[in-house]
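K.L.:
This structure is in structure tokens; I'll ask about it shortly.
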Amino acid sequence: RFMLLKRAKIMKKKRQTDVKEQMHPSDSFHDEEEEETEEAEPSVKAKRIRSEEEKEVVVYHPVKLSRNDLYRPPTAEELNQLKEAESLFHCSLLKMQMEELLKEVVLSEHRKQQIDSFIQTVTKLIQTVPKTPKVEVNDMSWLSGAVKVPFLLLPKTTKGKFCMAPPASVDLIGSYALGTCIKPHIRVDMAVTLPAEVLQPKDFLNQRYPRKRALYLAGLAQHLQSSSEVVTLRFSCLHGNRLRPILLLTPSGKDSSSFTVGVHACLPPGYFKPSRFHPKRNNIRTEWYTGLKTSNPGKSSEPPTPHYNNSILGDLLPRSHLQFLSAVSSKCSAFADGVALLKVWLHQRQLDQGAGCFNGFLASMLLAYLLISHRISSTMTAYQLLRNSLNFIASTDLTVSGISLAKNPDPTAPSLADFHDAFQVVFVDPSGHLNMCADVTACTYKQLQHEASVSMHFWDDPSVDGFHCLLMTPKPMIRTSDHVFQLCDLVKLQSSCKKQNLLCELMDHSGDYIHTALPFILSLLQRGLGQRIHLLAHSLTPSPVWSVESEAPKYKTQPPLSFGLLLNPEISAAVLERGPPADSSKVPEFRQLWGPRSELRRFQDGAITEAVLWEGKSMYQKRLVPKQIITHLLQLYLNIRGKKVPSTGEEESLVVVQSYDDLSRKLWKLEGLPLSITAVQGAHPALRYTQVFPPEPLVLDHSFFDRDKISRSLVPKDVKPCPQYITPITVICHMEGSGKWPHDRLAIRHIRAAFHISLAELLKKDHNYTCRPCPTHLDVWKNGLAFRIQVAYHREPQVLRERVTAEGLLVVRDNEEAQALEMATIHKPLLTSMLHGLQQQHPCFGAVCRLAKRWLAAQLFSDEITEDAADLLVASLFLQPAPFTAPGSPQVGFLRFLHLLSSFDWRNNPLVVNLNNQLTAADYTEIKNDFMASRDSLPVMFLATPKDKKLSLWTRRAPSIQMLQRVMMVAAESLKVLECQLMDGSQMQDVVMRPPLEAYDVLIHLNPNQVPLLGQAVDPPAVTFNRGVVPNGAPQSGGPLPVIDYNPVTLYLMELREAFGDLALFFCDPYGGTVISVLWKPKTFVSAPFKVMGEEVKTIPNFGAILEDFRVLGKGLVKSVEAKTEKWAF
């Protein structure tokens, strides 16, 4: 339509131009006018006016296009223009959203004034630091007991003199000085230059300078304690580096929590030669560090200390870095905004804080590198800077090919090869001497690359809210990684360093045994897990913060070290690790890696190779193979164990699907039916692997039941507990169309009942299945499972919609009965088929659905969000996982389900579930436009699928607005609690499965022996009941048929809702719940008018009688009724 209007407008404009040219006066007219002008000048003015009037009254008629011109298909050029316009619109929208975000995160002028005022005050205070006499570095008697030195003194002593004196200078450095500081965590950095009298030429050796740095900061803290302008003084470390402590100051008054000032003690520029800190040089002597005399004390025998050297060198260059960045940013007007967006992107992925992070300084330097290397233009917008930066990160591996900002480094500067020999990630600063990524591990940079690649993948996808996924969605490790495990007892890493002979590395990290052992652990796990994982990530240890009055915290006090695995679902669960052939030279390496688990095996193809076999008989065990590998390697090499959260299995669903497939084949082969079968479709969650507790094949104990005299079926005895609940597995059997099908609804039902009888006779005759035909369905008892077959006729819903009026007119009108039949026979089988296919693509899809629906049921929401709706919600996590990748484990899928429920904007957006990838970009636009146009008449939770774009069939009846708000609130709290508990292995995770019953008005307690699904409860009972099932029996076909689909709790709930649904809401956990929770509706307590003998009186419900009715209706099932009358508001 747009193209036709556009073409018509172009043709109309062209035709109007032609008409204008035809209406213009001819040349001869101008010649005549010129002659008249020469003869009669007084009349010139009148003629010109008349000519202008003639032009004004010209009427242009619309051009009539021919049918061929009007409906001519668009040209290739026009199609390209349309595609470009659509792409530009998507990019422009994203750009405008980013501009609005920048307005929110940049600092206001008022805030800048507050910061500037506080900085001036602090600068004046620092410049008045009193002098103290020189003492030994180890002598700290000049410090008052109120301030401790922010340094772990390992070893205890070193050489050197120290004294306090006013600083040589106090300068602003960092993001605030550069103009790239953003909210909400505002940190202003100040560089305090140590005076010359504090330093000595040999201070680069044996931690002398780092200790003096810490002592100077302690002296500043002692001096600032007396000031009323500074409220709190705390110590911290620069990105977790204990060699670089900093002093944190917060202002007094109402601004105390709005920003923090970090005071850095720095070296005077050029005080040490940069060449002294070459990555291959040693500046910590082994004899001093160990306290043991070495047999060969020469310098050449000392191991290099690249990380220590890099830490000291970093204190020589902060001012030159600021000058460099200021010069680069002055050439690019959007530089500050581009850095701000990159910082937000890093922050949402938890990559900008902690030890070894990719911080804002590195983000600024990266943009500067792209500018000076002409990879981006200085005229680009912040949107373009962010896009090009992420594209560069995704495509450039700094672990292999480092980059440098140094244009003309001096001859003493290390080469990139020297840096790569010493560090895992290389990004060299403008001086050519400092590796700014020295503390970044290869795994962290690979994680950064992965995140950038994922972001670029969905950046231009019109079906994804790019802005929200890029910059607004947090991605914690527990919600991003498929598996997470932790090292909790970190002090054991100290002995692990000794076991692996990491003394040189430990000395280089100044005793930080955690970051000494971390690269070895990562390398070990990477080798062991190999192709089973796409990515191995680890948590970035947060920088410790402590009071100036406390000792520096020890390394063992740090939080547990977390590791995240992004699994390769195709091979992550493989139980066999096949190694090199027996005669290969790689055999010793393989045996060394796996230790005693490696053994020589012969395979069916005749090959004899080394191999490692892991336990994995069930799917549950196979999913835990990565855990077995990690536990084995950590125990073998480091004597430590990891903790991990287990998952669930799918074996029961597989048995059900196999039995259904067998029944389906037998139905197809049946002969003797009046009409042939055209389709057999499953319509039960167990057939798509999403049933919370899949049906299990049962062997019945006949002594538990009575025999019905007519049907010879098994009937439960009154004195016995409620028998085992037997789930009917729904199967839809479509019969072919024929002119013999009647057009009357009652006649069609009779025909379907006759088909049920015929199917029962044939199945009994051919396969000896016990069958019970009914008018609406046919129950088949097969191998301990109950299948409920429903014959369907494709025109029956249409017949139900047709009605003949009294005048003889045929009226077609939709109704509840037709919708229910269409849902049961068309929509549910189709959904089951599509979700079964999704399970084949993503093996953990079914397990995520089961966890999600168990949570909904446990929180009493299963009637509000149906099984089908819950399955679609989970399916959206796999089909549109941005900004994540598709879940690879049940745990991470369940966490994302809770996040989706709690954070999705249900009011303003439809949730589109693109099953089988059938929806195009145009379909997304159509769904969104139709949704906004009809929002008030649509369900509050709108789920759109390729076959249901406008109605949201799965959520048409529920949830209500109030219940959806309740679901969102409980999901948000459950997510917060569960993430904390999963990261703390000492806590139990099933607390999120227990609902808060104190919120309800009445609690109806049920007798446990009459609850058939009691064994599926969150808290299983201490006492179990015999429910007529033989344990561990071999199920067989034939025999008497038990009672199918008998659950007294469900029947009781139906009666309660039918009798009292206008007064109260009833909730119950369908999986073994022994409490029915009742919530009075608000209108229940409002008095209603009632006329008696012509007089109007006010009435309210008799709550005592209602509670008594609860007991009477549930006689034998109800144990007690608990009324919380204090909550009732009359």
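Positions of Cβ are set from backbone N, Cα and C atoms, glycine also.
Keep in mind that this is a model prediction, so the values were computed, not measured.
Below are the features listed in TrEMBL for this protein:
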- 12-49: region 'Disordered' (REGION)
- 16-29: compositional bias 'Basic and acidic residues' (COMPBIAS)
- 30-41: compositional bias 'Acidic residues' (COMPBIAS)
- 188-330: domain 'Nrap protein' (DOMAIN)
- 334-473: domain 'Nrap protein' (DOMAIN)
- 479-638: domain 'Nrap protein' (DOMAIN)
- 639-840: domain 'Nrap protein' (DOMAIN)
- 842-990: domain 'Nrap protein' (DOMAIN)
- 997-1121: domain 'Nrap protein' (DOMAIN)
K.L.:
What are the DSSP helix, strand and coil residue counts for the domain 'Nrap protein' (842-990)?
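P.N.:
So the counts come to 86 helix, 6 strand, 57 coil.
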K.L.:
Roughly where does the domain 'Nrap protein' (479-638) sit in mean pLDDT, to the nearest integer?
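P.N.:
Summing pLDDT over the domain 'Nrap protein' (479-638) and dividing by its length gives 90.
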K.L.:
Select the range from 334-473, 479-638, 997-1121 that forms the most Cβ-Cβ pairs under 8 Å with the domain 'Nrap protein' (842-990).
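P.N.:
Per the Cβ count, the answer is 479-638.
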K.L.:
Within the domain 'Nrap protein' (334-473), how many residues are helix, strand or coil going by DSSP?
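P.N.:
For the domain 'Nrap protein' (334-473), the helix, strand and coil counts are 73 helix, 5 strand, 62 coil.
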K.L.:
Taking DSSP states H, G and I as helix and E and B as strand, how many residues of the domain 'Nrap protein' (997-1121) are helix, strand and coil?
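P.N.:
When I sort the residues of the domain 'Nrap protein' (997-1121) into the three classes, I find 37 helix, 31 strand, 57 coil.
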K.L.:
As a quick check of your reading of DSSP, tell me how many residues in the domain 'Nrap protein' (188-330) are helical, how many are strand and how many are coil.
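P.N.:
Counting residues by DSSP class gives 56 helix, 33 strand, 54 coil.
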